Amino acid sequence: WAYAAGFTLLPHLGGFLGWFVNRKKIPAWYEKLKKPSWCPSRKIFLLAWLILYTGTGYASYLIWNDLGGCSSKAIVPLGLYGAQLALNWAWPPFFFGAQNLNMALIDILCLDGLAIGTLCSWYRINKVAALLLLPYLGWLGMATCLTIRIWKDNPGQK
């Protein structure tokens with residue numbers, strides 16, 4: 001159970017750190033940006049990421065467990081997961097910290113590709129783990145559209 005808990009909690013660490021470091025810049029800068037009417041509230045973002053990080057973290061445990069831990073078979077599936085998680089954690093510092101909409105957009109587009117690659121890789125190993133990524137991919141799709149929209153609607157911020 002300790003491994004399951006560790007894998008499940010791991011994504012939350014970077015998410016919390018990203019929030020903690022950038023929490024003061026959110027009201028001062030983000031609230032002033034032009035955003036579409038369908039932009040979720042900050043509370044919805046928090047709830048969504050809590051659920052999504054839990055699901056993806058547990059799914060990564062399932063993959064790790066099915067592949068016998070850190071074996072040579074786990075390099076690609078868990079490497080893809082780790083790479084997309086790193087890009088996920090990098091987005092808040094680009095967007096909120098550096099207030100760099102260009103880098104945030106590049107980051108999330110690369111993140112989308114790695115997340116899809118992770119899903120494809122995991123599907124052959126554990127279908128439940130792959131299914132646990134679907135809500136995450138759906139939310140990433142919305143976050144990507146939101147990032148693109150904010151990038152387009154705030155040209156002075158680029």
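Keep in mind that glycine also has a Cβ here, set from the backbone N, Cα and C atoms.
TrEMBL annotations: computationally assigned, not manually curated.
Note that the coordinates shown come from a computational prediction; the quantities given were computed from them, not determined experimentally.
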TrEMBL annotation of transmembrane segment - which of the ranges 6-23, 78-95 it falls on: 6-23
Close approaches to the transmembrane segment (131-151) from elsewhere in its chain (Cβ under 8 angstroms; 6 or more beyond its ends): 33-36, 39-40, 48, 51-52, 55-56, 58-59, 62, 95, 101-102, 104-105, 108-109, 111-112, 115-116, 118-119, 122, 158
Remote residues contacting the transmembrane segment (44-63) - C-beta distance under 8 A, at least 6 residues beyond either end: 3-4, 6-12, 15, 74, 77-78, 81, 85, 122, 125-126, 128-130, 132-133, 135-136, 139
